[in-house]
């Protein structure tokens with residue numbers, strides 16, 4: 001079966017006869033056949049192939065049977081060549097029938113993907129999802145083929161991979177997992193996947209559900225790469241691995257370490273270990289500094305790192321060998337003896353593949369970080385309830401800002417917003433034209449007063465937008481005042497939501513929307529559905545069981561909630577189960593939300609408002625899209641404005657103003 005599927009996209013003759021769309025469709029049908037029963041025998045093929053558009057329509061079952069039996073001893077290109085020769089003769093086939101799709105600017109042929117990266121990520125998937133009950137029928141995937149892209153088309157694989165990277169992100173009860181899914185169910189899975197990917201920190205700008213349906217391989221592989229990277233770097237923070245405190249000398253350095261991106265911490269850890277190994281150089285990246293260069297002395301970083309981490313497996317000849325490829329092979333043999341899964345080949349080391357080298361080093365860190373477990377208790381690592389809430393809110397606002405599609409990706413709002421530039425970009429996204437770019441300074445900014453000028457404009461615009469900014473100045477942002485920065489970001493995020501809702505609200509007539517309007521709408525929808533549930537406010541402790549939001553989701557989309565999966569919400573565990581289900585169902589509908597189950601069970605007022613507003617936005621946007629072409633703009637707002645601004649939860653476009 002794998003041989004049949006692989007031939008579909010690799011045979012040049014077929015690619016001349018059929019469009020890429022037709023070939024992908026043909027391959028998808030074969031994959032679907034395999035999914036139904038887990039296997040596909042030669043005897044079953046003639047009848048099954050009646051479902052394939054070109055083969056089924058143009059060859060009788062007897063003809064298909066005859067050709068297959070003639071070729072069964074050698075299941076290679078000949079089978080398809082013979083089948084397609086018959087079809088081509090009947091259709092008058094030839095290159096002239098090729099589609100213009102091959103010349104289309106959206107064709108995946110214009111994008112290249114790394115075969116090494118694909119093979120490594122497929123091996124990762126095979127390793128971490130091997131025991132998944134649903135995916136057992138599809139795994140292991142052959143890394144040498146493109147089957148991973150076909151299997152990913154129903155969205156299940158990607159949702160499962162997100163849960164491996166950040167356990168509990170998606171409530172698997174919300175995933176559509178029938179063996180054969182219809183297009184609507186696949187679209188729901190992809191919507192859930194993309195919104196969940198954003199919620200764990202992936203950048204999915206300009207990626208939509210249609211890209212998965214059309215099988216755009218570079219986009220699928222790019223998302224898989226981000227998900228795996230998040231998984232591999234998950235332990236690179238002081239809360240997960242407090243031993244990392246050994247990388248710094250004093251508390252001031254610790255604060256700096258806590259603000260670093262995980263990959264930068266990984267580099268610092270690597271250099272820390274290399275220094276112990278008396279390696280004289282500093283590694284600054286996972287590409288040019290890692291790769292084996294022609295000079296023998298420049299090929300030592302990995303050898304020294306593994307020697308200091310696992311001296312018992314050291315091969316003395318590794319540093320002595322002069323052939324670059326051979327040295328890389330010896331390094332990987334050492335890693336294998338340590339139990340480290342290979343994410344790269346010797347050739348990847350030689351060529352300096354940044355993604356695969358980062359994955360490899362991160363995996364080495366996970367397996368053996370070489371840090372002492374005997375460290376004294378550090379007071380600042382003890383997390384208070386307030387600190388935990390600040391951390392959750394920082395993550396939510398960070399992911400929201402990154403989802404807007406800025407050119408700069410931020411890793412920590414308290415550090416990366418201090419020069420004011422990203423805040424000005426965000427303000428311009430939320431309210432186009434409001435920033436005076438003539439007096440703004442673009443990074444890198446060397447002079448401190450320029451940063452203050454940027455942040456002063458941020459505060460000035462905030463007051464213009466009627467934010468509550470008592471005793472807040474630009475210097476507070478420059479100095480990284482956590483509570484004041486979070487307060488500003490919350491008001492900015494809330495303003496964005498209210499503006500988008502204002503554009504969609506049928507009867508707003510330009511009136512500013514308030515939190516009370518959102519509350520009234522939610523209660524009205526639930527009441528109209530026949531339920532007695534009620535939300536007194538966004539801090540109503542009765543919301544902790546999740547029942548109200550399940551009622552609301554069911555009211556806006558009756559088929560959204562499977563009530564047989566809902567708990568009574570009486571115990572803490574039942575409340576959490578309902579909360580995870582609520583978040584996944586909302587994302588599955590199309591809501592781009594960044595809250596955690598704890599925000600529901602603990603009734604975090606800010607995040608509860610965010611959740612309610614996102615559901616309201618989705619519902620009103622659906623009404624706009626379903627509105628007849630001749631409907632009056634006065635009834636539902638300007639269609640052009642809606643189209644250009646309704647992106648708070650649109651998985652196909654991430655900019656809130658594009």
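Placed from the backbone N, Cα and C atoms, the Cβ positions cover glycine too.
As given in TrEMBL:
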- 633-658: compositional bias 'Polar residues' (COMPBIAS)
- 115-232: domain 'Calponin-homology (CH)' (DOMAIN)
- 260-369: domain 'Calponin-homology (CH)' (DOMAIN)
- 391-497: domain 'Calponin-homology (CH)' (DOMAIN)
- 512-620: domain 'Calponin-homology (CH)' (DOMAIN)
- 629-658: region 'Disordered' (REGION)
Per-residue pLDDT averaged over the domain 'Calponin-homology (CH)' (260-369), given as an integer: 84
Three-state composition of the domain 'Calponin-homology (CH)' (512-620), taking helix and strand from DSSP: 71 helix, 0 strand, 38 coil
Residues of the domain 'Calponin-homology (CH)' (260-369) by DSSP state, where helix covers H, G and I: 67 helix, 0 strand, 43 coil
DSSP-derived helix, strand and coil totals, residue by residue, for the domain 'Calponin-homology (CH)' (115-232): 76 helix, 0 strand, 42 coil
Tally of DSSP helical, extended and coil residues in the domain 'Calponin-homology (CH)' (391-497): 68 helix, 0 strand, 39 coil
